[in-house]
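Per TrEMBL, signal peptide is recorded for 1-20. The annotation domain 'Manganese/iron superoxide dismutase N-terminal' is assigned in TrEMBL to 29-112. Residues annotated as Mn(2+) binding site in TrEMBL: 54, 105, 191, 195. The domain 'Manganese/iron superoxide dismutase C-terminal' annotation in TrEMBL covers 119-223.
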């Protein structure tokens, strides 16, 4: 089950987090990760224009602002992204918001892909135990994402007890943060900020959440689940 701090688990579980550790130096210069697929690869779930703006503009803005904040504060220099996220509640809003934005989006790109797939047998068993079925999990995930007021994220997490749960967070918070109402290791997450879906779905967030499932990379989600329980 989950051993050690959630931040430590995250570093082991997510290759993109390990990469942020490698890219840090005395000035903690963070970089925008490339998409692992073409901008139009997730259509029709996510259109090419949305993906281009979301990755190249919105995510880049978080990275740029985070680097600026770190450069201005010597106490933050040399810190990895997961180290910043873990203590977000103690940091200035500019670091919490943009550090969270960088972590969340790096995770988001990774758990999607054009080929979809199916959950592993182990993850399927855990989903069935927690929710009754995969369809029930999807319904609860959609409900949580639809009910999230304003901007935020919806997550499928492994809790400290090793069991699956669904939670949502406001703005760019995530369940690894010290301020999270429900803490755990994310294995799946969806961005419910309007910029993630508005060009295709307008204000129909529920339709976006429903139409998103075909581009979930279940192989990667299953890997995250296995790592969180290692």
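Glycine residues also receive a Cβ, built from the backbone N, Cα and C atoms like all the rest.
Feature annotations (TrEMBL) mapped to structure.
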residue: 54; record: Mn(2+) binding site; Cβ within 10 Å: 23
residue: 105; record: Mn(2+) binding site; Cβ within 10 Å: 25
residue: 191; record: Mn(2+) binding site; Cβ within 10 Å: 23
residue: 195; record: Mn(2+) binding site; Cβ within 10 Å: 13
For Mn(2+), what surrounds 54, 105, 191, 195 with a Cβ no more than 8 Å from their Cβ centroid? 55, 58, 59, 108, 193, 196
Quick check on the domain 'Manganese/iron superoxide dismutase C-terminal' (119-223): DSSP residue counts for helix, strand, coil, in that order please. 48 helix, 22 strand, 35 coil
Average the pLDDT scores across the domain 'Manganese/iron superoxide dismutase N-terminal' (29-112) and report the rounded value. 97
What are the helix, strand and coil residue counts for the domain 'Manganese/iron superoxide dismutase N-terminal' (29-112) according to DSSP? 54 helix, 1 strand, 29 coil
